[in-house]
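Per TrEMBL, the features are as follows:
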REGION    1-425  region 'N-terminal catalytic PFK domain 1'
DOMAIN    21-358  domain 'Phosphofructokinase'
BINDING   G28, R91, C92, G121, D122, G123, S124  ATP binding site
BINDING   S167, I168, D169, R204, M211, G212, R213, E267, R327, H333, V334, Q335, R336  substrate binding site
DOMAIN    438-723  domain 'Phosphofructokinase'
Amino acid sequence: MAQPDSKKIFFENLSGAGKAIAVLTSGGDAQGMNAAVRAVVRMGLYVGAKVYFIHEGYQGMVDGGENIREATWESVSSMLQVGGTVIGSARCKEFRTHEGRLKAAHNLVKRGITNLCVIGGDGSLTGANLFREEWSGLLGELVEQGLIEADAVQKYSALHIVGMVGSIDNDFCGTDMTIGTDSALHRIIEVVDAIMTTAQSHQRTFVLEVMGRHCGYLALVSALACGADWVLIPEMPPEDGWEEKMCQKLSATRSRGTRLNIIIVAEGALDRHGKPITSSFVKENRAGMKRLNIIIVAEGAIDHNNKPITTDYIKNLVVKCLGFDTRVTILGHVQRGGTPSAFDRILASRMGVEAVLALLETTANTPACVVSLCGNQSVRLPLMECVQMTQEVQKAMDEKRFEEAVKLRGRSFENNLKTYKLLAHRKPESELPTSNFNVAVLNVGAPAAGMNAAVRSAVRVGISEGHKMFAVSDGFEGFYKGQIKEIKWADVGGWTGQGGSLLGTKRTLPAKHVDKIADQMRKHNINALLVIGGFEALLSLLELLTARGKYDEFCVPMVMVPATVSNNVPGSDLSIGADTALNAITTTCDRIKQSASGTKRRVFIIETMGGYCGYLASVGGLAAGADAAYIYEEPFDIRDLQANVEHLTEKMKTSIQRGLVLRNENCNDNYTTDFIYQLYSEEGRGVFDCRKNVLGHMQQGGAPSPFDRNFGTKISAKAMQWISKKLVETFRQGRVFANTEDTCCLLGMRRRALVFQPVVQLKEDTDFVHRIPKEQWWLKLRPLMKILAKYKTSYDVSDSGQLEHVVRNRPRESDASVAM
């Protein structure tokens, strides 16, 4: 973390010296906008540019004056954890007029601003592009009116625009996730989890209306995350007769002993005849259900005839048909509020830095672009291509081309819808294929939030594919002890929101008991294995692969799904459970820093989990606004520690009141948390005092985040589909025999795609001594944390986003995105 040599300044060929960048937020607010503003300001200042706030969005640009102010490093302190947008946002009718844009251009030119970073929705970004196209003409008019000098036209000849999409609706084509969406999902899931406890107590049906305008993303993903019984979204209105089918589904769910039902409805939902579907309608049509259902309705949901489907309509329907005690909850603007999630802070920070890079690299011929997320990679896309595709979605919906509308929403949306249908609606036994294959699922290693969602998904997809599913308790320890039993569809109901591992999990590896495990495989006729776990799960598959030479019972398809808070599994950028742990770290750091509010200057030393993997410390540090993060992968010595103390001391002499230092638990044997705490306390004496905190196992506990629920659900579903395919391919002469490398795989996320990788091929990529991959993608994020903490450091731009085009052709199944 020490400052490098002064000659090693951030890529000189992209210096921002002499440039002026303005940042504004426009349209509806979204959690994470402040993190994006902070990143733009600090990255802009870091490269030597002048950076300006434009307060109150386009209205502030038109009005000028004090609405356009120069930003300083300190002016964005303590805003990372704040929801909404501290620089304000406002609708501006005047900017839609030529006269308004002329005023805005004058206000920018007076300050020499020709680089604009706009954080907003499609309307805000479209307005920015129009402003850019008119720019030269506007300058000519200003010269004619005598408001600017003639040489200003040449000096400020081009306006450069880079956009970031800030919207909870996630309705912008070209990006898997928009800033604010994940936080909105957190608010929705928090409410659903709370409602489920009271609904179970009273055997109730709950109808929830969520926001999203004409996009059903929030409704669809929250339905996946909570296992809702029914969801109604604008992109796929229900077929005629849906009311009867829904009531039958709810009744069947209750008959299996479930005490609650959930229906989620998008605001403004319509049926296929344009009739509103409201919560009241559902309540009145409900005679015969057992205990509790939850239905989620996206605002804007319609039927196939463009008739709105509202929560009142659904409520009346459920009450009338089933007689169930039904309640309606309209979440409203609570979805926009609150602290941004770790995901949104990291996404916004990455996008903000990327936006500044894009502005520095732009030329007069570069089209306005929008910084987007594809899988786990930042990309730049032409703004108007994305806007046009977004408009095509609405046009397809208006013309009742609903299948096309779903595809135009993007592969993430389409995959979510397919997965929800697969898991929520059980086919009758007569319609299920009969494969006669037995598949076992087990958890291995430490518990991780999201494991239960993965098990639920595997069980239900397996049953849908005609397999008999077996659950193994307590990992391979339970396996050799015979703790194996068949698990049914209803057995995994309500599992998505449960933390830990309901199956039980142990770190026991199979090698010592391989003969007994082979006996159990033979006894239960297990034809395939799905292992959900961390580094121990990878070691287990390697041991079982070796055992194939001696035991034919292990010559079956085997696949691993990574699940560990440490995110240290080679072959996957992300693991189930890591996002929940990051949120725990971020929330705790927020509270710890807040505890120093109003006190003297203070620095907090926080120890995180992760073994030898520094993912939680590094990415958690980026999300929490840390000043330093010590990890094993980046060796440090006493000189680095001293330089960090001096750096913090200088910051503390300004208006900065609090400092945050994270330390990975195994980063160094000698520089322990106590040592670093004592060093900072001594060296900072007279300037700041210190406190330390060891977060411990709270990082492993709690309810899984929406991301982990959905990541676990989708990756596990894909793993089961792979198993089904391999079972067919390897079935010969009345038995399954799989002995090739490609039948023992790990399914992981690599940049933009989910990829099946033979575990034997991952051995070369693995540091088995320290239980980490030899190369880790997130190390490229560490310079961002340092830059945003005011360190001068080198920054690798080789992996930064390049201008691409919106892909309209359908991706291959293997390329399916796992973004939520």
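Every residue gets a Cβ built from N, Cα and C, even glycine.
Summarising the environment of S124 (ATP binding site), the number of other Cβ atoms within 10 Å of its Cβ, over all protein chains shown, is 25. Summary: among the binding-site residues (D122, D169), the fewest other C-beta atoms within 10 A of the C-beta are counted at D122. Candidate binding-site residues: R91, R213, R327, R336. Fewest other C-beta atoms within 10 angstroms, R91. A separation of roughly 11 Å, to the nearest angstrom, links the Cα atoms of D122 (ATP binding site) and D169 (substrate binding site). Ranked by CA distance from R336 (substrate binding site), the binding-site residues G28, R91, C92, G121, S124 have G28 at the top as the closest. Within 8 A of the CB centroid of the ATP site residues G28, R91, C92, G121, D122, G123, S124, the other residues of that chain are S26, G27, G57, G120, G127.
When the CA atoms are compared, no binding-site residues among the candidates R91, C92, G123, S124 lie within 10 A of D169 (substrate binding site). Its own atom aside, the Cβ of M211 (substrate binding site) has 26 Cβ atoms within 10 angstroms in the protein chains shown. Comparing Cα positions, G28 (ATP binding site) lies closest to S167 out of the binding-site residues S167, M211, R213, R327, V334. For the substrate site, whose binding residues are given in the record as S167, I168, D169, R204, M211, G212, R213, E267, R327, H333, V334, Q335, R336, the maximum C-alpha distance rounds to 32 Å. Taking the Cα of C92 (ATP binding site) as the reference point, the closest of the binding-site residues M211, R213, R327, V334 is R213. When the binding-site residues G28, G121, G123 are compared by the number of other C-beta atoms lying within 10 angstroms of their own C-beta, G123 comes out lowest. Within the set of binding-site residues M211, R213, R327, V334, the entry lying nearest in space to R91 (ATP binding site) is R213 (CA atoms). It is 13 Å from the Cα atom of G123 (ATP binding site) to that of R213 (substrate binding site). Annotation: C92 carries the greatest number of neighbouring Cβ atoms among the binding-site residues C92, V334 [cut-off 10 Å, Cβ to Cβ].
It is 6 Å from the Cα atom of G121 (ATP binding site) to that of S167 (substrate binding site). For M211 (substrate binding site) paired with S124 (ATP binding site), the C-alpha to C-alpha distance reads 19 Å. Of the recorded residues, R213 (substrate binding site) and S124 (ATP binding site) place their C-alpha atoms 16 Å from one another.
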